[in-house]
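Trainee: There's a structure below that I have some questions on.
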Amino acid sequence: MVDYAGSGPATPPTAPSGLVSGALRMGDYWLTVLARTWKGGVITTFVTPFFYVLALGVLLGGFVEADPTTLEGADSYLAFVAPGMVAAHAMTIAFSEMTYPVYGMVKWQRIYFSMIASPLTASHIVLAQLGFLMLRTLFACGVFLLVLAPFGVFETWWGLLLAWLVQGLVVLAFATPVLLFSLSIKGEESFALIFRLGMIPLTLFSGTFFPVANLGPVLEKVAMASPLWQGVNLTRMLALGEIDWGLAAIHVGYLGVLAGVCWWLAVRRLGERLVS
Amino acid sequence: MISAHGLRKSFGDFEAVRGIDVTVRPGVAFGFLGPNGAGKSSTMRMICCVSPPSEGELRVFGMDPAKDGPKIKARLGVCPQEDTLDVELNVYDNLFVYGRYFGLPRAEVKGRIEELLDFVQLTDKAKAKVDDLSGGMKRRLTIARSLINRPEILVLDEPTTGLDPQARHVIWDRLFRLKQAGVTLLLTTHYMDEAEQLCDELVVMDQGRIVAHGTPLGLIQEHSTREVAELRFGVGEHEALAAKVDDLAERIEVLPDRLLLYSDDGEAVIEAVHSRGLAPVATLVRRASLEDVFLHLTGRTLVD
């Protein structure tokens, strides 16, 4: 029987010195979660988007004979739809990772409560979780973009690189409000609401599959106000090499402000849930 | 280690803790005994820096939880009422990731895990999923997790609630070893036997207030006789029969299912009851316990 006092080195436990150093302490938690779950994520992360590109972009798109001017400058339907799908994929990852998994950490297994009992705070927890999500999304979207590259949908290598980096911003712009929502709801049935009234309409009507101009002047403006259109249009401009830098800056600003404000609110909300 | 003066906690109109004074010295096993809703867990949460006090002064390791929460938490071990284990990770990983939260090097955490799994007798379950563990094993794992940072104070909120008697004894044995190793223990319980076994010092809480403070034995001596004679009569007869025997004991308590007669000689009380021609269905003479202290102080039983 080993005495509790223990043997070996006795590094004193400490409070983290800063926000990043605290979040990094959670790196092993997220790596352990990843090691356990990556197999299950392979299909949704890599195979599903490939099927979508094949079915919608190549096979269905083969029937679309549109003038490039009506496809926002894309010279094929595949070239039009592929960048939109990448951004929509980043959004889907945000929804799937920030809904039930987050709710479980508050309500079912209550893991957040064990984290807050350690020297970590809500700010560390949120930074680690969103940081990990961003890295995962960049990896998934990176693979997606590499699969698309041989189809010739990217005009320049730097457009491809920037389009890839933009997905880090897109995922945060969705992850932060959804995280805030998941930390605020009373029952899991509320998720049906944001999937049916949020994710699905966003995917279908934010310019992913057809130009928003097709919606008519009023609905076009509504679609353009959606965060997904901002992400889709930004990704598409970078992919097609037809970049309006002023508009690109607006997209980045819109997504950045949305992510920043919701991040701040999510940290506050998590703090309220854990410390009362 | 811990000092609280005039500590209060309110949730809206409800006042969970109504001005308590507590001092916990190093190396002591300090208990908060009381029924559900007495304010024990609210007090623990304030000490653990996850619930800001509404009023009063609280110091843990001489620091203010409102300002130095992370520094205090680094030196505390917390075993909450619910296990809050990650059921998707195995036993080993639950301990590993938790050790890392305290800024401990990986190699050191690994060494500690081996020792702790041995200490809580879960070495052969290291790779098991948490879901496959029994309730008692999960509790032991939670205790091991709370010890990963070698805390100076171990806080245990209802450590054996919901466990079967055998599992409770295993937990008590481990906690007793920690106590002997000099760890300051802070525990809440509504089990009087748990408080008697483990606590050097305790406070009895009721409705947010401390109603008594002392050692288990001291409290029993102060608030009760040495023995208790329990008399069980037919259903509904206890109230009426109390008047016929109340002169036989120093004090009498009428419960729905039995009469408690407090006396230093319980056997003599039982004999006297029989000699009056009364025939209880069952009788029992036992040593007075903290349950009797609580009953005397509040007029209610601990476990409703």
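Every residue gets a Cβ built from N, Cα and C, even glycine.
No curator has checked TrEMBL annotations; they are predicted automatically.
Feature list, courtesy of TrEMBL:
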DOMAIN    A:34-236  domain 'ABC-2 type transporter transmembrane'
TRANSMEM  A:42-64  transmembrane segment
TRANSMEM  A:76-103  transmembrane segment
TRANSMEM  A:124-151  transmembrane segment
TRANSMEM  A:157-181  transmembrane segment
TRANSMEM  A:193-213  transmembrane segment
TRANSMEM  A:245-267  transmembrane segment
Trainee: So what's near the transmembrane segment (A:157-181) in sequence-distant terms, Cβ-Cβ under 8 Å and 6+ beyond its ends?
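Mentor: Sequence-remote neighbours of the transmembrane segment (A:157-181) are 83, 86-87, 90-91, 93-95, 97-99, 102, 126, 129-130, 133-134, 137-138, 141-142, 145, 149, 190, 194, 227-228, 230-231, 234-235, 238-241, 243, 252, 254-256, 258-259, 261-263, 265-266, 269.
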Trainee: Against which stretches of its own chain does the transmembrane segment (A:42-64) lie, if we need a Cβ under 8 Å and a gap of at least six residues from its ends?
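Mentor: Long-range Cβ neighbours of the transmembrane segment (A:42-64): 76-78, 81-82, 85-86, 89, 93, 96, 140, 143-144, 147-148, 151, 209.
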Trainee: Six or more residues beyond either end and a Cβ under 8 Å away: which residues meet both conditions relative to the transmembrane segment (A:245-267)?
Mentor: 122-123, 126, 130, 166, 169-170, 172-173, 175-177, 179-180, 183, 227, 230-231, 233-234, 237-238
